[in-house]
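What Swiss-Prot annotates here:
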- Gly56, Trp57, Thr58, Gly59, Thr60, Gly61, Lys62, Asn63: ATP binding site (BINDING)
- Asn97: N-linked glycosylation site (CARBOHYD)
- Asn112: N-linked glycosylation site (CARBOHYD)
- 45-205: region 'Interaction with SNAPIN' (REGION)
Amino acid sequence: AECCGQKRSLSREALQKDLDDKLFGQHLAKKVILNAVSGFLSNPKPKKPLTLSLHGWTGTGKNFASKIIAENIYEGGLNSDYVHLFVATLHFPHASNVTLYKDQLQMWIRGNVSACARSIFIFDEMDKMHAGLIDAIKPFLDYYDVVDEVSYQKAIFIFLSNAGAERITDVALDFWKSGKQREEIKLRDMEHALAVSVFNNKNSGFWHSSLIDRNLIDYFVPFLPLEYKHLKMCIRVEMQSRGYEVDEDIISKVAEEMTFFPKEERVFSDKGC
């Protein structure tokens, strides 16, 4: 059976290689994730848990990135006993049950962190999370040594959301229109605007959330919309992973069948990879 903690001390190089080989068109996300995760895991006494909020359209790589993080910490990756995935529409479907969900969520997190300090919690579909629910986990994310005799400082919380995606796309499109490379986009072009737009978005799951108010989210990580060349990279890797011979003509054909926006310029893929 797998041990709590991690499969080995995390190798920054292995994480970097995984991100480079598998996550395309996301120079900002790669850099933030690499530094945040490797820095956090090499710190024997973190002051608070690591909290990452990943933002962008469907298909840009948010789930994939959280899978890569999990696999670099635990052999079993997302199937590890120490990695817990919550999907808003599946686990918290009814607005009328928010009080019950809050209690369940607190008990689940407390129980799992008691069993393993290095637990990973992933919240998918944050934008479909009922307002106020996520504030239930605030005590676990704060700068407390212990809460009810449990220390949460080695845990990792990852939030995935489409909220803020319009803002990210606007910035990417502005760069494209002014003839700049997307790699010139800096985190500072995004991060503040992202936090504000998510905080003020009634449908973000973080609407007026104390997690943002109190600066408890360590990193807002933007995932940019993908271009034609990135789709081809995704398709190539997918063909290889399924054992097919890589055929550039087929790759181009598949990529061209995707829909792109804006309608005239056709710069970004509608559905990502």
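Glycine is treated like the rest: Cβ placed from N, Cα and C.
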For Lys62 (ATP binding site), the number of other Cβ atoms found within 10 Å of its own Cβ: 27
List of residues, in chain order, with Cβ under 8 A from that of Gly56 (ATP binding site) and at least 6 apart: Lys62, Asn162, Gly164, Ala165, Ile168, Pro222, Phe223, Leu224, Pro225
Shell of the ATP site beyond Gly56, Trp57, Thr58, Gly59, Thr60, Gly61, Lys62, Asn63, same chain only (C-beta within 8 angstroms of their C-beta centre): Phe64, Asn162, Phe223, Gly272
CB contacts for Thr58 (ATP binding site) [other CB atoms within 10 A, all chains]: 14
Candidate nearest Asn112 (N-linked glycosylation site) in space, where candidates are the binding-site residues Trp57, Thr58, Gly59, Thr60, Gly61 and distance is Cα-Cα: Gly61
Close in space, distant in sequence - Gly59 (ATP binding site), Cβ under 8 Å, 6 or more apart: Leu226, Ser269, Lys271, Gly272, Cys273
